[in-house]
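Take a look at the structure below.
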């Protein structure tokens with residue numbers, strides 16, 4: 001088992017356990033300034049406190065931050081590729097000074113740690129965006145930098161009170177110390193870690209087993225359940241899938257543990273960071289995928305990162321990281337032999353292969369199409385269908401232009417109710433109340449068919465606008481105010497979109 005990055009596991013919770021009561025009393029006294037952490041900051045803090053970000057024992061000061069941005073190294077020379085910073089707004093920053101202690105809160109309530117401020121500095125976000133994430137304005141991390149992150153960063157060391165509170169999957173959230181102890185007790189000295197932010201299917205099971213066999217190792221399935229790419233499948237659905245997949249490995253070969261990481265989708269730099277984290281968790285090998293941690297297409301329609309940038313950068317640090325890189329070998333299904341095989345071992349001109357892309361899978365889930373057993377296990381498909389119902393079971397919101405007759409809402413409701421099918425329908429009277437309008441996505445996700453008027457700013461999945469204005473999803477002629485004509489047009493539109501099946 002490799003040593004933690006930097007030689008020592010910075011388990012701050014264990015280190016500070018003897019003074020937890022004292023720290024908690026100080027934090028709850030009201031004498032210290034407090035900061036309520038964002039979702040990303042909570043993820044970062046948890047991995048500092050539990051040692052997943054070893055050798056870090058706090059948020060980066062300005063010197064370390066600049067060194068990481070410019071050189072992918074801390075000031076002491078250790079490889080570190082992603083800046084871990086505590087961003088705050090200008091008003092809060094103005095209240096801080098060196099050596100001041102501040103309380104870091106979860107949900108503005110639970111004290112997690114006390115930070116002793118080393119410095120407060122204003123980063124050059126343009127340089128960070130370019131050096132760390134290649135600068136494209138469409139990159140999720142660049143968007144976060146300029147649209148969400150505070151203007152100032154606070155550096156400093158941490159004293160741990162407790163890890164963030166999680167109410168889901170407590171048995172699957174292993175800290176680095178816990179995993180290392182389990183690996184040691186089971187004599188797992190060689191462990192290959194598999195990073196994922198997506199559901200797993202048969203191909204993933206096959207490639208991880210092959211990686212383990214070729215390296216004479218065990219398998220750590222280590223999915224991210226913090227923040228991932230916007231639009232990804234929620235972690236609850238994914239964890240239910242992982243719990244089923246883990247049953248499909250030979251007994252004693254694989255272990256599942258959840259990683260509370262806030263991904264930056266930083267491609268090659270992020271892959272190095274992921275390798276360091278897995279090393280801290282006790283893995284000796286790490287599978288680096290094709291376009292690892294890549295966010296897709298940039299503003300010019302080209303992939304943000306090259307397909308092998310991540311593998312090449314991790315490999316270049318191999319001697320310093322003390323973790324073996326296992327290149328992701330894509331496998332494909334051979335229907336004539338009923339087995340999976342690495343695609344680079346197959347002559348595709350002579351051998352028939354089958355595959356289902358991510359886009360095709362989403363289409364089949366949406367349309368209720370078949371997902372064959374060779375692609376995924378029935379239990380996994382069932383979970384995905386529950387969380388991704390087909391169009392006839394999905395909700396929608398129809399937003400009527402304010403110029404349309406109010407009676408149209410009643411006409412649409414009556415028409416929809418006669419079709420049955422189990423979907424609930426509701427006319428939502430909102431009075432431009434933002435709190436009520438904020439509930440629309442929840443209604444839609446629950447499968448409700450909503451009808452509302454005078455909410456032109458409303459946007460989202462399965463939200464359709466009806467009217468004569470340009471940009472309407474269901475355009476109407478200005479002179480057409482015949483309610484029956486409009487109802488028919490709406491019904492045909494919804495049928496075409498798959499919400500109704502006659």
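Positions of Cβ are set from backbone N, Cα and C atoms, glycine also.
According to Swiss-Prot, 195, 197 bind sulfate; the candidate from 113, 126, 129, 293 that the record adds to this site is 293. Listed in sequence order, the residues 196, 224, 228, 263, 270, 274, 289, 292 complete the 8 Å Cβ shell around the sulfate site centroid, once 195, 197, 293 themselves are left out.
It is 9 Å from the Cα atom of residue 293 (sulfate binding site) to that of residue 196 (active site). Listed in sequence order, 194, 196, 245 are the same-chain residues six or more apart from residue 204 (site 'Transition state stabilizer') with CB atoms under 8 A from its CB.
The recorded positions recorded for this entry are 197, 198, 201, and the Cα of 201 lies nearest to that of residue 331 (ATP binding site). In the three-state DSSP reading, residue 331 (ATP binding site) counts as strand. The local packing around residue 198 (active site), expressed as other Cβ atoms within 10 Å of its Cβ over all shown chains, amounts to 15. Within 10 Å of the Cα of residue 289 (ATP binding site), the following recorded positions from the list 197, 198, 201, 328 place their own Cα: 328.
Close to residue 195 (ATP binding site) in the fold, though at least 6 residues off in sequence, lie 222, 223, 224, 259, 274, 278, 286, 287, 289, 292, each with a CB less than 8 Å from its CB.
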